[in-house]
């Protein structure tokens, strides 16, 4: 099944499915990719205060304009939450945020001994509380990501080799403070305007990298459960972990497929779309305690005491007591942190406000990045892994809040007023043509999932958390990684190249691009992905944010000089978000 994608003035059919696709009313739509453009109503594109912010180069102009644009909608951000879509969105994003964050941090927890599950949960709760209450774009979900755990672990490995190494958390406190200062300076100087150079080339490549990081961490979670010696104690538990992981993947995709099928009543399919992943997670966790599996004692999550920091340390990190020489040495690491968050968080925010979502409220990049500096500083004070925007959780959150329905006319153009007719039960052809008509843009789902993180820090729920087998987390990694790959632009291009040409639609825009040019474009993206993945496997992993940031100049300066025509680049690439969203940073170039 294919969907028409309006991309650079081209109807671009895409195919495939994914977690984003299951979040429709009945899951009958195809994968929602960042290249799809669903134009909001005229009112959405002409909201007051959403003028071209980049026209002014005054210091702090971007922050001021973001605040001025969002303030009129602050009250409605709370009242608009009176909608059922908030319930499944909260449930989905809670599981999709917390458990991968904990699993990402397992390596950091076991390697350093300075972080624990409590730190990860508190970091997610703190970020959710700050951004849902004070943030300009509350749809963007923040939490502990794989890249920040790689950075933190690499810094620990470097310090461990120094004879008179400083206290790790005190050093990280200064790293985070330097990073926060860079955040504040760049936000005040309107540097987020550089986001106008970010296209799908960068988003797809970085998303491809994140997807493979999910798959890699899933394998690591499994392999580290096996004992050092073969047939040693714990081998049976590791095998049960593999079974749980595979069950999580199979159950998750099976429920996803049911939500897109024509089986069962549409409300049942909608239930599978909204709660399929949490159901699969709970069911696969329960299998570990069924029959002989329980006697194998599969490895579960390590948890500490309620609201207790790792090792019983005080929550406040006195990083100001660090010797002056280490303060200076922390600066380049803070710069690396800023580079990572500048790209990672802003791309997450872009994807959460992608052109496939009919958003009606203004974006906020400069102000939110300033706010991210505050949460980074708080993380350093409390000894937490620094939170930032999550991929793919941020766009998944927005997709779970999409309201699907029938437009009053068949034209999907700028004159579409977005009015919706009620879906008619039993008319499958009618439902299959449903499209996104609005998004429940509100702050409550983000706030609630952060509050649930605090609930998990209480004794009874920490015990429940400790019952989740690590194999289930590995399966969750594989599920989310494979699902994200399924909707990635690189994957779609590769699928087109290996597809039987007889099955390609006559109006497929890729047919207007020479196959050699598609291969060239994909190879460049794969090379950038490979370089990023390779450097993270070495001691030079602290510099991988620089490799990621080079994607932007690569696309703007080198690729246009290669033998592509303008039409071919327009088909292969495109803006990361709609013009409505990009107004905050001066539009796309």
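Using N, Cα and C of the backbone, Cβ positions are placed for all residues, glycine too.
TrEMBL: automatically predicted annotations, no manual curation.
Among the features that TrEMBL reports, compositional bias 'Basic and acidic residues' is placed at 410-431.
The domain 'Bicarbonate transporter-like transmembrane' feature in TrEMBL is assigned to 61-224 (among others).
The feature domain 'Bicarbonate transporter-like transmembrane' is assigned by TrEMBL to 237-574 (among others).
As annotated by TrEMBL, region 'Disordered' applies to 407-433.
According to TrEMBL, the feature transmembrane segment maps to 86-109 (among others).
Residues annotated as transmembrane segment in TrEMBL: 121-148 (among others).
As annotated by TrEMBL, transmembrane segment applies to 168-185 (among others). A Cβ distance under 8 Å defines the sequence-distant neighbours of the transmembrane segment (168-185), meaning residues of its chain 6+ beyond its ends; these are 112, 114, 152, 155-156, 159, 313, 317-319, 321-322, 326-327, 329-331, 333-335, 337-338, 341, 369-370, 372-374, 376-377, 379-381, 383, 386.
Same-chain residues lying 6+ beyond the ends of the transmembrane segment (197-217) with a Cβ under 8 Å from its Cβ atoms: 34-35, 100, 103-104, 107, 146-147, 343-344, 346-347, 350-351, 391-392, 474, 477-478, 480-482, 484-485, 488-491, 525, 528-529, 532-533, 536, 548, 551-552, 555-556, 559, 573-576, 588-589. The transmembrane segment annotation in TrEMBL covers 197-217 (among others).
The feature transmembrane segment is assigned by TrEMBL to 237-259 (among others). Away from its own ends, the transmembrane segment (237-259) comes close to residues 17-19, 22, 26-27, 218, 222, 225-227, 269-270, 272-273, 276-277, 279-281, 283-285, 287-288, 293, 296-299, 469-472, 474-476, 478-479, 482-483 of its chain (Cβ-Cβ under 8 Å, at least six residues beyond either end).
Marked as transmembrane segment by TrEMBL: 271-291 (among others).
Non-local neighbours of the transmembrane segment (326-343) in the same chain are 147-148, 151, 155, 166, 170-171, 174-179, 181-183, 186, 191, 202, 206, 369, 372, 376, 386, 388, 542-546, 548-549; each lies 6+ residues outside the stretch with a CB under 8 Å from one of its CB atoms. Sequence annotations record features per position, and here TrEMBL assigns transmembrane segment to 326-343 (among others).
Marked as transmembrane segment by TrEMBL: 364-384 (among others). Residues 53, 62-63, 65-67, 69-70, 114-115, 119-120, 122-123, 126-127, 130-131, 134-137, 140, 142, 169, 172-177, 179-184, 186-188, 190, 192, 195, 309, 313, 315-317, 319, 337, 341-342, 345-346, 349, 584-585 of the same chain sit 6 or more residues outside the transmembrane segment (364-384) yet have a Cβ under 8 Å from a Cβ within it.
TrEMBL lists 519-552 (among others) with the feature transmembrane segment.
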Which sequence-distant residues neighbour the transmembrane segment (271-291)? Criterion: at least 6 residues beyond either end, Cβ under 8 Å.
19, 22-27, 88, 91-92, 95-96, 99, 240-241, 243-245, 247-248, 251-252, 255-256, 258-260, 298, 400, 467-469, 471-472, 475-476, 479
